[in-house]
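For reference, the structure is listed below as structure tokens.
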């Protein structure tokens with residue numbers, strides 16, 4: 001465009017701080033090789049290992065080995081082993097159903113010749129003959145009778161070096177061990193009413209689930225782990241297993257310590273995290289068979305949920321780190337299917353979810369310690385994405401799945417225009433799951449991970465439930481709020497100034513003379529002349545330009561620019577005003593995905609109006625790269641901006657960067673663009689209106705979407721400053737020649753000035769409408 005301000009912003013023709021450039025490069029750099037980011041990745045905090053403190057949990061986790069418990073009499077649960085650990089020889093356990101089974105187990109020390117000993121069994125003294133020929137191992141012997149007055153018989157002896165024994169109720173039988181360690185095996189005794197058998201233990205014992213078979217057998221054969229063989233382990237009463245566990249409250253605010261001005265508050269919160277992935281799918285130029293990129297993008301999600309009767313408003317941002325780059329090349333022909341790069345997250349990737357809600361816990365989250373979280377896992381499965389080829393069957397990327405496992409939590413900060421919010425960043429490590437992903441009708445199959453094509457699988461969101469805990473240093477007076485950063489107050493004050501400046505700018509639209517505007521739009525405005533009304537020195541202007549570019553780099557228009565190919569960026573920085581247009585190949589990427597949408601309009605539920613309303617920014621970028629010798633919308637925008645800056649009484653260095661950036665995106669939102677093919681003109685406006693007509697007669701003809709897409713790819717896009725409605729009205733009322741019509745179609749500034757100097761009401765009204773659209 002004629003005015004250079006936006007092009008200078010696009011090409012970063014002014015120097016910026018080295019730290020800003022390093023930060024920018026680091027944020028845009030894509031790595032094919034993923035490194036382990038560590039537990040404090042992408043945060044500004046040192047790698048300090050804070051202890052989690054106490055985290056109340058409403059979930060009971062069953063221990064592998066529970067005990068030791070003191071000798072007692074009770075009814076053990078079914079499918080749980082009593083692991084008996086006697087210290088001395090004698091009776092160690094007895095149990096009966098009082099009907100047809102009396103079972104007792106005795107322990108005999110090593111090296112005992114056959115002898116008769118007296119044992120007290122079920123309260124009665126009995127004479128039992130025992131022996132143990134082993135000199136190193138202890139001998140467990142089961143004594144059994146089937147009537148209350150019967151005689152005991154000996155069964156299933158176990159020679160044990162660790163001196164451990166087990167008994168369990170399961171499947172209608174009483175189970176014990178027999179044989180010789182380290183190869184002991186189990187043996188069962190059928191017992192009626194087995195589940196009601198009471199056991200009396202005469203030694204310390206443990207309880208271990210039947211499901212832990214390999215662990216339990218290892219204990220029987222080899223002994224308890226070393227930590228259990230110490231006098232620091234004190235047996236407790238079995239009644240401790242019956243303690244009622246209080247369920248933790250969903251919201252808990254606990255005062256840890258307090259002084260006159262400050263207090264430490266511990267916040268325990270149940271949490272529901274909902275998040276979703278976002279992606280970018282970009283087609284390459286050409287015939288429509290090639291895709292340049294399928295990548296993940298950060299995704300914001302806002303939602304509400306109920307926590308302990310309280311409605312919580314939450315906000316999450318999901319991003320990925322450590323993506324894996326894949327590609328598919330079906331051949332070198334223009335009609336061969338190609339995906340230059342598509343991203344996949346796998347076990348070497350991480351998913352970050354930044355979470356904030358409006359509860360008390362986040363109000364003063366500035367000085368925080370003892371941060372901990374416990375979250376459930378979540379399975380993310382990929383859906384189908386069809387690659388719409390112009391001809392032939394469409395390949396479909398389908399499948400793929402990963403599980404997300406909690407891998408830590410740190411503090412993070414989310415910035416808005418009004419306030420910076422301290423939030424929690426939950427980090428998830430990944431593991432690949434079934435099914436694998438593939439691309440149908442290609443050789444790509446049997447790959448694992450989650451591709452970026454359709455990561456949400458048509459789900460609105462993924463959900464993770466859990467709990468977090470933190471201790472925060474907050475003011476003792478609950479009415480005070482800890483200042484998060486000075487930028488909060490500064491930003492709020494700046495927003496007030498910007499609001500006043502916007503009102504002034506919008507009011508100044510009524511005072512701009514159109515002849516002055518056209519003349520100013522023809523000038524090669526640059527950064528220095530744009531800021532000349534504020535600072536006179538070159539150094540100050542450079543500083544101002546640097547600040548403008550810092551703002552502009554984060555704007556929506558700059559984001560769109562960054563998605564274009566390098567060749568388009570080069571063309572945008574080197575193009576000069578002339579009658580011939582180049583950068584055709586580079587600019588194709590700015591339109592290809594839009595043309596595809598328009599071509600496929602018949603197969604979608606969206607209307608042409610809806611689809612064309614989404615292409616305004618790309619048409620605008622195409623206009624920047626393909627200039628003619630006529631004026632365009634950005635010439636008018638820059639001229640209006642310059643005029644308002646000169647007339648403003650409230651403009652200041654602090655507010656100028658925001659105003660320039662905002663103007664580059666919002667001035668003249670309702671734009672119309674045209675392409676020309678000999679005597680035919682096709683126009684598309686950003687509000688969805690399409691029209692086609694012949695220049696000589698201004699007769700409307702059917703709008704050919706395919707032709708429009710082809711012309712946009714191969715021809716300059718012209719700003720329709722004087723749109724078709726205005727042209728037809730001008731011709732019907734005043735009559736214009738063919739040459740005048742073509743000059744107005746090209747937005748020739750000399751022709752525009754001529755009509756304005758003649759005080760033509762139709763042209764004047766059109767320009768006034770454009771000026772009034774230059775609003776903030």
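Glycine is treated like the rest: Cβ placed from N, Cα and C.
The feature coiled coil is assigned by Swiss-Prot to 484-511. Among the features that Swiss-Prot reports, disulfide bond is placed at 318-380, with the record citing sequence analysis. Feature annotation from Swiss-Prot assigns region 'Spike head' to 65-224. If you look up Swiss-Prot, you'll see 248-479 marked as region 'Spike body and stalk (antigen domain)', on the strength of sequence analysis. Marked as region 'Hydrophobic' by Swiss-Prot on the basis of sequence analysis: 389-409. The feature region 'Spike foot' is assigned by Swiss-Prot to 510-776.
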Neighbouring C-beta atoms (10 Å sphere around the C-beta of residue 380 (disulfide bond)): 23
DSSP-derived helix, strand and coil totals, residue by residue, for the region 'Hydrophobic' (389-409): 0 helix, 13 strand, 8 coil
The coiled coil (484-511) [mean pLDDT, rounded to integer]: 52
CB contacts for residue 318 (disulfide bond) [other CB atoms within 10 A, all chains]: 26
